[in-house]
């Protein structure tokens with residue numbers, strides 16, 4: 001039996017397609033990965049503006065009063081407002097709904113069109129939020145932003161996985177997560193400076209600034225080439241073969257091209273990819289499409305990234321200091337993601353998952369003890385020593401680093417590379433939907449949970465970090481160095497998933513002249 005959760009020693013035997021990491025494909029993947037900027041910018045900006053007093057005073061006066069005027073309010077509960085959390089979390093509900101539509105657009109019209117829709121919708125939401133006069137304008141704007149994120153998160157990871165040579169797929173795909181972290185960092189830096197603008201209108205610049213990453217993905221989607229997989233799926237075989245030669249940098253692409261055509265022909269036999277997902281042979285894929293994004297959101301990372309300024313303010317930092325602390329965690333986030341880019345194809349996905357999970361678990365236990373010791377249950381820390389606050393920030397940064405080189409990027413990479421073509425768009429849509437459902441739930445419930453569970457909230461998330469680390473150890477196979485159309489091999493050699501997948505499950509397709517697939521009768 002193979003090692004727990006892994007593959008037999010020496011890896012899975014199989015094909016090794018020729019190909020190089022060409023400048024063309026590198027630039028293409030960098031431009032496409034910038035689709036993550038809109039998601040990251042929004043995550044960073046929303047937490048920052050909700051800690052700005054002029055923004056709260058205009059749109060959420062009850063929160064403003066609790067924060068600044070009612071000194072009897074428990075420190076844990078000063079931001080507890082259903083309207084405020086609806087402002088933050090409405091985006092993720094919209095992203096959930098749009099990802100279902102995006103699945104069809106991505107499959108039938110290509111990955112580029114989904115990116116274009118994502119950029120245009122996000123830009124419209126940014127304009128509405130920047131000029132908002134009432135709460136309803138804020139929430140409608142957030143819904144438009146959510147529609148944009150749903151399309152981008154559906155198409156960009158798939159695009160990157162399909163364009164990249166399999167040896168470098170991990171590093172290039174993680175460019176999406178790197179863009180998310182850069183977006184968060186830029187948003188935190190802008191919040192820090194915009195909060196200082198006299199007249200209290202800096203929040204408009206923060207929200208309206210989302211137009212910049214939206215325009216980047218919009219223009220990028222117009223100049224990017226489509227993936228060979230997508231072109232073959234739409235019957236453009238000759239163009240796809242020429243495109244494959246260009247992105248691989250070699251003329252000998254016959255074997256890979258034939259496998260792509262065979263996979264496409266097999267996918268055409270599937271009448272309903274959504275219903276097909278429920279077949280027994282796709283049990284491993286569906287399980288990962290649901291559980292990986294579920295666990296990713298229950299690491300507690302969104303507690304830190306959505307509400308970093310709010311959280312640091314709550315644990316005793318002043319308003320300026322809380323925004324600066326969020327900038328520090330943003331820098332750590334970017335740096336640690338670069339570690340993942342370096343190591344994902346070198347050390348493998350499982351190693352990073354397991355190391356990152358262990359690191360996050362230890363940090364959450366220490367932060368729980370530190371906050372619990374000073375704040376207790378009444379939320380009144382008195383005067384926090386400077387060294388004490390530094391210790392809390394230090395371990396939060398170590399926690400963020402653990403997430404940023406494990407569950408952050410790999411939560412998007414692994415699902416996007418394990419699905420066969422016939423269910424790829426539908427399964428990626430499930431992945432995005434589950435991600436957005438639990439992002440919405442966490443965002444909507446967090447401030448109320450912080451108010452009621454106090455410092456125990458960190459233990460709540462620590463429990464899930466422990467469960468998901470055990471899950472990875474036993475059930476997630478290593479996918480490093482496996483061509484995307486050959487990924488079925490990892491399930492056949494896994495100690496548990498092999499019972500669901502067999503050679504008989506593969507569609508009987510063989511190659512005819514010119515690389516066209518012929519269905520066996």
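Note that Cβ sites are derived from N, Cα and C of the backbone, with glycine treated the same way.
Residues 286-310 are the range that TrEMBL records as transmembrane segment, among 286-310, 486-510. Of the listed segments 257-278, 455-476, TrEMBL assigns transmembrane segment to 455-476. Counting Cβ pairs closer than 8 Å and at least 6 residues apart in sequence, the transmembrane segment (172-195) and the transmembrane segment (455-476) reach fewer than three and form no contact. Below 8 A, the CB atoms of the transmembrane segment (387-408) and the transmembrane segment (322-344) form 3+ pairs separated by six or more positions in the chain.
Contact check: the transmembrane segment (429-449) against the transmembrane segment (138-160) gives at least three Cβ pairs closer than 8 Å, residues 6 or more apart, which meets the contact criterion. In this chain, the transmembrane segment (21-41) lies out of contact with the transmembrane segment (89-106); the count of Cβ pairs under 8 Å, excluding pairs fewer than 6 apart in sequence, is fewer than 3. If you look at the transmembrane segment (322-344), the same-chain residues 6 or more away from its ends with a CB under 8 A from one of its CBs are 44, 47-48, 51, 170-171, 174-175, 177-178, 181-182, 184-185, 187-189, 191-192, 195, 304-305, 308-313, 351-352, 393, 396-397, 400-406, 408-410, 413, 480. Packing against the transmembrane segment (21-41) from elsewhere in the chain are residues 115, 118-119, 122, 145, 148-149, 152-153, 155-156, 159-160, 163-165, 167-168, 172, 175-187, 209-210, 213-214, 216-217, 220, 223-225, 246-249: each is 6 or more residues past its ends and has a CB under 8 Å from a CB in it.
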